[in-house]
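Participant: Have a look at this one before I ask anything.
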Amino acid sequence: MKKHHVGLFLEWALAILLGIMVLDVFWGVITRYLLDSQSSWTDELARFLLVWLSILGAAYASGKKLHIAIDLLPHYLNERNKKILDLIIISIILLFVVSVFLIGGLHYVYISFALGQTSPALGLPIGFVYMVLPISGAFILYYKLSDLSITLKNLINGN
């Protein structure tokens, strides 16, 4: 799968989740102010969708290299050292993603399913909410391994 297709998939997923969240919040406002009895599940669903949007959005931003970065040091480095710095940064990101998003996220999902935790209003297993961590981690891992490969090739070839 190419990075473009993964990015396109994430764009569509984020757009769909955002659309569902807008409809959910709209329905919550309608039931609260016009029907005078708010649906109990709308706030909870909006919170869960916001979590998914935020964390999947982080994966999307990682793929598009849209995250905030301090770029003071690279201005003082030559091209070869910039690539070496990129390798170090990508390696740190990979370590974080594997340990927190993948290992920690999968552990968190497993524990929440094992304990049978459910959300109060929706009755949805909380593990489904936390599942965004390993899913997003897999996307970030894909993007960063791709970046690592490209950076290594450029460093070896002297580009």
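Yeah, the Cβs are placed from backbone N, Cα and C, and that goes for glycine too.
According to TrEMBL, the protein carries these features:
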- 21-146: domain 'Tripartite ATP-independent periplasmic transporters DctQ component' (DOMAIN)
- 12-33: transmembrane segment (TRANSMEM)
- 45-63: transmembrane segment (TRANSMEM)
- 84-110: transmembrane segment (TRANSMEM)
- 122-143: transmembrane segment (TRANSMEM)
Participant: From the DSSP assignment alone, can you count helix, strand and coil residues within the domain 'Tripartite ATP-independent periplasmic transporters DctQ component' (21-146)?
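Facilitator: Within the domain 'Tripartite ATP-independent periplasmic transporters DctQ component' (21-146) the tally stands at 97 helix, 2 strand, 27 coil.
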Participant: Looking only at the domain 'Tripartite ATP-independent periplasmic transporters DctQ component' (21-146), what is the mean pLDDT?
Facilitator: 94
